[in-house]
């Protein structure tokens, strides 16, 4: 019976003030295990004005911040006024219905929901704290937590799996390191004397936080932004029981325009397809770049079965994207002008650039190798003027002093091309020797254009004339020997007859 009477006497509003009052008796009677659990694992209520260390929050931004933030402040003023008018308008009917209720829920109004900030620069946002009535005792019941939550752009399903297989994922300092953990940047309280206190930032001067007591605004700066700062800030207002009342998210979008755009169109042989690669270096975040292709000013569409794109992330430098395309080559028309158009987009910011390349086309040369008069002779037709000849014997390059090359005339079918003839003495060493005539100066594999033949100097390969010669010599020797023997016998017989007579 006592409880209903107390409720009727105090009213629900009075009971609400009683619960919010910093009474040691009431606080001791409530078990923390029965309260609503906090959003994250830390407990901001452990950071109190009686604990150490704490730092007094500056009451105004630095001179540099004021000068660089004049435009931002004006925008914030407009946003705050608009938000305030909307707040009053939207809650007019509620105020009339609750005219006797002097306590309202607190609120936080921030000047933006997204902060786009370029690499190594400073990002800023301002929030207005709405507490009614804004008395010192009322302020003392609230805690403002500033929490950073990362967003990792440095991995996708394919390259993360490859990194796991290679044992690189999660290695500190690698491109696949685990993302930065969510962490409490600051926990702010206000004492009854009107002084704001905050816990030290875990990153030193990385974050600068200030509060204007007159306008009840809080400003936050993230200095020297890097890729690890890509994420969102949570501004959470909690009551003295650590229960979240308001939770605002402000996204920090780290930006970096592409540092360079290049098109690589490697040389091709006449009749082979053209291939080109567009390389967009050092931008952020991945996915903010869009690539399109042009061939002689006309739209060219990559084929899914042979073209595509891929990207990788370099620590401290950003993302790099490579897009490829394959185009037909009739072998008759002039090589095309291949252009890559790149658009980088973040929020309302757009940056475009392009690059162009024209591939070089080479024609197939004609060459043949033969042996004549003790020389290996290489005949070459229709090669550019920068092409030279290199001889190899048993696949070993020979000094250019051992052979000579001359220009025999101009190519009749291709302009600015010429014909060559080169020769080198063969080795008459009674063995089988390999000779190679190779063209040097083409932007392809070194052995792309060459011809090889074997010169066989073994006795069996010298042919029938050699056998006939040897046989003739041996036969002549036998005949001469027999003639000498017969002559000697005749002389011997005639001498014996003369002696008998």
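Keep in mind that glycine also has a Cβ here, set from the backbone N, Cα and C atoms.
Model, not experiment: these values are computed from the prediction.
According to Swiss-Prot, the topological domain 'Virion surface' annotation covers 28-465, on the basis of sequence analysis.
Among the features that Swiss-Prot reports, N-linked glycosylation site is placed at 46 (among others).
For 53-87, the entry in Swiss-Prot reads region 'Disordered'.
Residues or ranges marked as N-linked glycosylation site in Swiss-Prot (evidence: sequence analysis): 91 (among others).
As annotated by Swiss-Prot, N-linked glycosylation site applies to 100 (among others).
Following the DSSP three-state reduction, the secondary structure of residue 120 (N-linked glycosylation site) is coil. Same-chain residues at least 6 positions away in sequence with a Cβ under 8 Å from that of residue 120 (N-linked glycosylation site) are, in sequence order, 224, 225, 226. Swiss-Prot lists 120 (among others) with the feature N-linked glycosylation site.
Sequence annotations record features per position, and here Swiss-Prot assigns N-linked glycosylation site to 212 (among others). According to its DSSP assignment, residue 212 (N-linked glycosylation site) is in a strand.
Regional average pLDDT for the domain 'Ig-like' (258-356) in the model is 90. Under the heading domain 'Ig-like', Swiss-Prot lists 258-356.
The N-linked glycosylation site annotation in Swiss-Prot covers 354 (among others) and rests on sequence analysis. Residue 354 (N-linked glycosylation site) has a Cβ environment of 14 other Cβ atoms inside 10 Å. In the three-state DSSP scheme, residue 354 (N-linked glycosylation site) falls into the strand class.
Every protein chain shown contributes to the tally, and the Cβ of residue 400 (N-linked glycosylation site) ends up with 13 other Cβ atoms within 10 Å. For 400 (among others), the entry in Swiss-Prot reads N-linked glycosylation site, with the evidence type sequence analysis.
When secondary structure is read from DSSP and collapsed to three states, residue 429 (N-linked glycosylation site) falls in the coil class. Over all protein chains present, the Cβ of residue 429 (N-linked glycosylation site) has 10 other Cβ atoms lying within 10 Å. Feature annotation from Swiss-Prot assigns N-linked glycosylation site to 429 (among others).
Annotation source Swiss-Prot lists transmembrane segment at 466-492, citing sequence analysis.
What Swiss-Prot lists as topological domain 'Cytoplasmic' is 493-501.
Residue 400 (N-linked glycosylation site) sits 21 Å from residue 429 (N-linked glycosylation site), taking the C-alpha atoms as the reference points. Across the structure, residue 429 (N-linked glycosylation site) and residue 354 (N-linked glycosylation site) place their CA atoms 62 angstrom apart. When other Cβ atoms within 10 Å of the Cβ of residue 212 (N-linked glycosylation site) are tallied across all protein chains shown, the result is 16.
Secondary structure at residue 400 (N-linked glycosylation site), taken from DSSP and collapsed to helix, strand or coil, is helix.
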